[in-house]
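What follows is one structure encoded as structure tokens, with my remarks underneath.
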Amino acid sequence: MQKFADFLTYSIFKIPQGSKLASAVNFFIFDTIKIFILLFVIVFIITFIRTFFSPEKTRDILSHRKQNIYIAHILAALLGIVTPFCSCSAVPLFIGFVEAGIPLGVTFSYLIAAPMVNEVALGLLYANFGLKIATIYVLSGEIIAIVAGILIGKLNLERYVEDYVFKIKVANVQYQEEKKTLKKRMSETLEFTVQLIKKVWIFVVVGIGIGAFLHGYIPTGALAKIAGKNNPFAVIFATALGIPLYSNAAGIIPLVSEFRRLGVSMGTSLSFMMSVTALSLPEMILLRRVLKPQLLAIFVGIVGCGIIITGYLFNLILG
Amino acid sequence: MVIKVLGGGCANCKKLMENAKKAAEELGIEASFEEVKDIEKIMSYGVMRTPALVVDEKLIFSGRVAGVEEIKEVLKKEAGK
């Protein structure tokens, strides 16, 4: 692959070896190919696993078993990874869960884990940072979801859910799981994966493109002073910055790998990426329809604190 | 035939509506179309994921955008009843 990138850069585009432009173009081609192959593979695997889970099934698992509340939180956060989720479904999902008698805190554990640990983020994290960082991201995300959910549960905040939520009569239809053959699952998975990549590829390319530009023109370590581990406010700043950047999560992860080279510390980078995926402005606007402002603020506050603590922790451990 | 798409008006819901209209048109089925955006009505179908397709008050599927061909199959089946 590196040979292919070299070939394109030096032979096809005829850019002189060793120039800044060559470095940028070469990096861009190599990275793009690598990231898309890995992204495709990982999204495909996760999507395939997801054909076995549905929110309806998750709801039934969480509501029918009268299990220990802590186990319910852990289960909810784990199911958040494997259940397909899109932020446009956050409201019906929230109502469906609450109506089924799932405790508010457990519902939040799910709602925090589902968008944070999603297939695009995982694919891109693995492609850009490798297995270790992807695993750290998933584990921290799960722990934040579990702890934040438990806290929200303990605070007894049911009164801050919009009143109409409890009045809605949800049709008591026993959900008929569509019968699927392996072949159908595979073709559905492939279709979904292709659709998803079609949707995000432009953001990924722009992210890699900006990264490549920085790679060619800005020297390694240039950001170390302002965003390195010695700046105590970098983590908080990174978390706040991530909130409005939701729709570009796909473009941000490739860019963050470049920030790393420029000297942004790992914990700060993790905080930034978690904030981008877990705290999204459009999702908050949607959730406002079912949550009163107080609960929405508590939700953002607790998750935000969790992300910030994670950032400091990994700045200490990983540097 | 009454075809409803349940969903908050996101891009996927619009796509599903487009596909459903195309499917009905290609089959030459007379149908009225409705976009259901009201959350209480959506919930009354027991749906937790949008978009969802409802044909003559029967929930066909939820949480994904089906292609034109698949919707054609569904409509044929429902029309044949």
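Glycine too: its Cβ is placed from the backbone N, Cα and C atoms.
Residues annotated as domain 'Thioredoxin-like fold' in TrEMBL: B:1-76.
Marked as active site, nucleophile by TrEMBL: B:Cys10 (among others). Every protein chain considered, the tally of other Cβ atoms within 10 Å of the Cβ of B:Cys10 (active site, nucleophile) stands at 17. B:Cys10 (active site, nucleophile) falls within neither a helix nor a strand when secondary structure is assigned with DSSP, and so counts as coil.
Look at TrEMBL and you will find B:Cys10-B:Cys13 tagged as disulfide bond.
The number of other CB atoms found within 10 A of the CB of B:Cys13 (disulfide bond), across every protein chain shown, is 21. Among the features that TrEMBL reports, active site, nucleophile is placed at B:Cys13 (among others).
Counting residues of the domain 'Thioredoxin-like fold' (B:1-76) by DSSP class, helix then strand then coil, yields 32 helix, 19 strand, 25 coil. Across the domain 'Thioredoxin-like fold' (B:1-76), the model assigns an average pLDDT of 84.
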